[in-house]
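Heads up: the structure comes next, in C-alpha cells.
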Amino acid sequence: MTNKTPADLIVSARWILPVRPTGRLYEHCALVIRDGNIIEIVPTSGIDSQFDYQEHIDLPNQLLMPGLINMHGHAAMSLFRGLADDLPLMEWLQDHIWPAEGEWVDEQFVLDGTQLAMAEMLLSGTTCFSDMYFYPEAAAGAAFEAGMRAQINFPILDFPTQWGSGPEDYIHKGLKLHDNYRSVDLINIGFGPHAPYTVSDEPLKRIAVLAEELQAPIQIHMHETAQEVSDSIANFGVRPLQRIADLGLLGPATQLVHMTQIDEQDIALLTTYSAHVVHCPESNLKLASGFCPVHTLQEHCINTCLGTDGAASNNDLSLFDEMHTASLLGKGVAQRADALKSDTAIEMATINAATAMGLDNIVGSLEKGKRADFIAIDFSNLQQAPIYNLKSHLVNTHVSHLVTHVWVDGKCLVAERELQTLDTKDIYSKACAWQVKIQAQRASGK
C-alpha cells in the first residue's frame, strides 16, 4: 500500500516561470502532470517520496514556462514566405498576394502550408495559434493531427474565392466546421470576417448574432492602416471600429488585429466593450502600416496580445522575436524606457492571449488545475550568460532556437529539438516542391 500520488509525467528544471501568480519564479522545482493536467508544482527534491510516476524528465539547465500563443496568422501563407517584400499593404495584397492565392490556393496547399507553419511554431515554442485562412477544415485537421491547440477562424468576405461564393456560402461552410469540432477540446472554431473594407454591413450583423448564439470568437483585421480609417469615414461617416460597434460586432469575444490607428474615441469603445487587441509589430513595420500604441492601451486596461501575422508579411513565426520587437517598439512609440517591460511582453504572448481566446482558465500560465501546455528553454549558452534577469533574457536575447521541448495537453510534441508528431523531411520536401511550381509559373509570366 502506498500513499504516493499517481502521476503520468514529472518534468523537473532549473527554473519554472509560471507567469501567474505575477512575479513568481520557482527554482529547482518540477511540474507534476496527470491526464494532461498540472496537478502540482513541487521542489524536485521531494518527487520520489511524494509521487508514483510513469516518467521523469530532468532538465537541469532549462527554464519551463507556458507555451506561447500566437494570436494571429495565416498559417498556410508560409508557402508564400518572401514572395513579395518591401511593399505597402494594398499593393502587396492586390498585385501579389491575391493573384498568387487565386492561382495556387487549394486544400492541399493549405494542408502543406499549415504543416510547415506548425513545424516552425512548435520548434520556436508556440503551442497554440489562431489562424484565418481559406479551407479552414484543412488547417483544423492538420492542427488536430499534430496535437496543437488552435483557434481556427473561417474567412468571410463579400466576394467569391476558391473556398466560397460569397458571405452566405462562407458562413454556411463555417457553421458546419464549427459543428464538426464542437466536442474537440484542442480545436476551437471562430468567425473570421476579413476586414471592414472587405465585408459589408449585412454579413457583419449576421456574424454578430451567430457568434453570440454559439459563444464563438470573432477575429477581424481592424484599423491596420490610416487609409482604411479615412476610407471608412468617407464611405460610412464613421471610423471602422465605431461601425462594427454599431453593427453589434464589438464585444468581449472580439479580437481586433493590428489597431495601428487609435484615437480617444477608439480607446473608449475598446474599454466599454472589453474587446481584445492583437498586436503584430513585425508585420506592421514591414508593411509600413503604422504603430499600435500598446502602452496607451495597457494604461487603459485593454487586453493586448501578440501575433506574428502570416509568414508572407513577417517573414517568420517566432513569438520570442515578436516579443522583442514589441518591447522595443513599445518603448519607442511611448518614448518611455519603462514602457512594455519584459514581464508585459511575456504576458502578451501567454496569459493575455489565453484571455483573448477565452481559454485563460485552462492555459496561458502554469498553475495547478490547468492543462499542461508548456515549453523548455536551454539557458546553458554563451549568449544567455550571465543570468541576472531571466525574463529579460527571454525577451531580449532571441531564444526561439533554444527551445528543446514542447508539450501540449501533457503530450510531448518536441523532444530534444526534434518534432514528434510532424515529419520534418516530408514537410520540407513539400515546401520545396511548391516553390518550384510557383517560381516556374512566375517566370513564365502566366
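Easy rule for this one: first residue shown is 1, then count along the chain.
The backbone N, Cα and C atoms fix where each Cβ goes, glycine too.
Because the structure is a prediction, the values reported are computed rather than measured.
Annotated Zn(2+) binding site per Swiss-Prot: H72, H74, H221, D309, in sequence order, evidence recorded as sequence analysis. Of all the Cβ atoms in the protein chains shown, 28 others lie within 10 Å of the Cβ of H72 (Zn(2+) binding site).
E224 (substrate binding site) falls outside any helix or strand according to DSSP and counts as coil. Annotation source Swiss-Prot lists substrate binding site at E101, H194, E224, D309, citing sequence analysis.
Close to H194 (substrate binding site) in the fold, though at least 6 residues off in sequence, lie M132, P155, I156, L157, I220, H221, each with a CB less than 8 Å from its CB. Counting only the Cα atoms, the space from E101 (substrate binding site) to D309 (Zn(2+) binding site) is about 16 angstrom. Across the structure, D309 (Zn(2+) binding site) and E224 (substrate binding site) are spaced 12 Å apart at their Cα atoms.
Cβ contacts within 10 Å of E101 (substrate binding site), excluding its own Cβ and spanning all protein chains shown: 21. Other residues of the same chain near the Zn(2+) site, with their Cβ within 8 Å of the Cβ centroid of H72, H74, H221, D309, are G73, M132, V257, H258, V278, C280, S283, G307, G310, S313. Taking the C-alpha positions, the distance from E224 (substrate binding site) to H72 (Zn(2+) binding site) comes to 13 Å.
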